[in-house]
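Colleague: Checked Swiss-Prot, it gives:
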type: BINDING; residues: Cys316, Cys319, Cys362, Glu369; note: [4Fe-4S] cluster binding site
Amino acid sequence: MQCDFVDRILNEYDLLNAIVYRSKFTHEVKVGDVIIGGNNPIVVQSMALGGSGDVYQDAREVLELAQAGSELVRIAINSDKAIKSVPYIRDVLINHGFNSKMIIGCGQYEIARLVKQYPECALALGKIRINPGNIGFGDKRDKNFEDIIEFAIKNDIPIRIGVNWGSLDKYLAAKLMHDNSLRGTPDPDYVVLRKALVISAITSAKHAEKVGLPANKIVISCKVSKVRDLISVYTMLSKICDYPLHLGLTEAGSGVKGIVGSSAGISYLLLHGIGNTIRVSLTQQPGESRTNEVKLCQEILQSIGLRNFSVQVTSCPGCNRTNPKYFHQLVSDVNKYVADRMSVWKSANPGVENMTIAVMGCVVNGPGESKHANLGISMPGYGERSVAAVYQNGEKLCTLEGNNIFEQFVSIIENYVSIYYH
């Protein structure tokens with residue numbers, strides 16, 4: 001009887017997992033070689049800091065983001081010089097083997113003028129992002145919006161309609177706040193603002209369709225700076241539209257705060273089948289590269305099992321059973337070795353990004369965790385025999401000892417990669 005009960009619970013759990021991990025249907029939007037939406041992999045995006053005034057430096061930054069793994073890179077189109085630099089940046093990317101349409105132009109009220117004034121430069125963009133909250137003001141707002149949409153229609157360029165919590169259409173927000181105040185039991189302000197974001201995005205997308213832009217040329221986003229608001233807004237969006245959704249926590253902050261907030265919000269939504277492309281927006285430390293944002297996007301997707309980008313190294317934190325001097329050094333060395341070798345492996349050994357390696361500190365969980373990985377090594381803890389057991393595909397392969405355990409293990413890793421990924 002107890003066994004039947006457990007089986008029933010497990011069956012219900014499996015069904016729940018199947019529901020949670022099933023992506024919601026959306027249109028497919030093609031941006032050059034990249035497809036956003038449908039059943040396609042979640043797309044990693046980033047944004048160049050730019051603003052150097054040096055087109056060569058700006059191109060190097062975009063190239064660096066692409067080489068780090070960003071599949072689409074957004075740049076600010078806020079001046080004549082900025083839009084005139086796009087063809088050069090595109091050519092740099094093409095010369096390095098990247099998608100010719102991976103640049104996204106992001107502009108505010110000035111972008112309508114720039115696109116009209118420099119159409120040949122704008123044609124080098126793969127996608128254009130516009131913000132309904134500041135595309136224009138007063139009687140210029142709709143005209144600017146429609147000018148961009150008509151340019152996109154004429155030149156087969158997709159559009160992201162990106163609403164931002166910090167630049168929400170003030171007229172829409174004021175109207176909804178006023179209407180809410182007349183209710184018998186008004187909603188809290190944050191609820192009204194969430195609804196305003198969704199309404200702004202959807203009405204703008206429908207207006208773009210009315211002008212003539214096909215639904216499969218539209219991506220939408222509603223950026224907020226708090227995790228609960230992000231989840232609420234995108235859950236609403238997912239229920240009422242079939243446009244692909246661009247996820248991200250705007251103004252996430254820096255350091256651990258930004259990493260945790262972005263990871264929590266994006267992961268929750270993706271695990272509920274919501275979202276088709278992601279960007280992590282972190283405030284960088286002085287001199288820090290924005291490639292960290294790309295790596296974080298990749299780590300989010302890999303940690304929740306949606307995409308693999310690199311060999312996964314699993315390791316325990318260590319405790320008073322482990323020898324920190326040797327164990328922590330081995331973990332560091334293996335991680336560095338894998339990072340250094342990934343570009344070579346990925347070009348010569350297809351599928352290697354799906355490989356897992358376990359580096360464990362003692363006999364308590366070491367052998368078990370190592371057996372779950374493709375390759376694993378269990379170091380001796382205090383009081384254990386001074387040998388390291390190595391496991392391959394769930395079976396014990398050998399034991400290593402001496403002062404060059406790292407070098408011996410690396411040789412085993414290289415041999416495994418050459419045999420199983422070719």
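Including glycine, each Cβ sits where the backbone N, Cα and C put it.
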Colleague: Other than Cys316, Cys319, Cys362, Glu369, which residues of the chain come within 8 Å of the [4Fe-4S] cluster site, judged by Cβ distance to the Cβ centroid of those residues?
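Modeller: Other same-chain residues near the [4Fe-4S] cluster site: Pro317, Gly318, Arg321, Thr322, Met360, Gly361, Val364, Asn365, Gly366, Gly381.
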Colleague: Here are the binding-site residues: Cys316, Cys319, Cys362. Which has the lowest count of other Cβ atoms within 10 Å?
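Modeller: Fewest other Cβ atoms within 10 Å, among the binding-site residues Cys316, Cys319, Cys362, is found for Cys319.
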Colleague: Within its own chain, what residues at least 6 apart in sequence put their Cβ under 8 Å from the Cβ of Glu369 ([4Fe-4S] cluster binding site), listed in sequence order?
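Modeller: Non-local contacts for Glu369 ([4Fe-4S] cluster binding site): Thr314, Cys316, Ala358, Met360, Gly376, Ser378.
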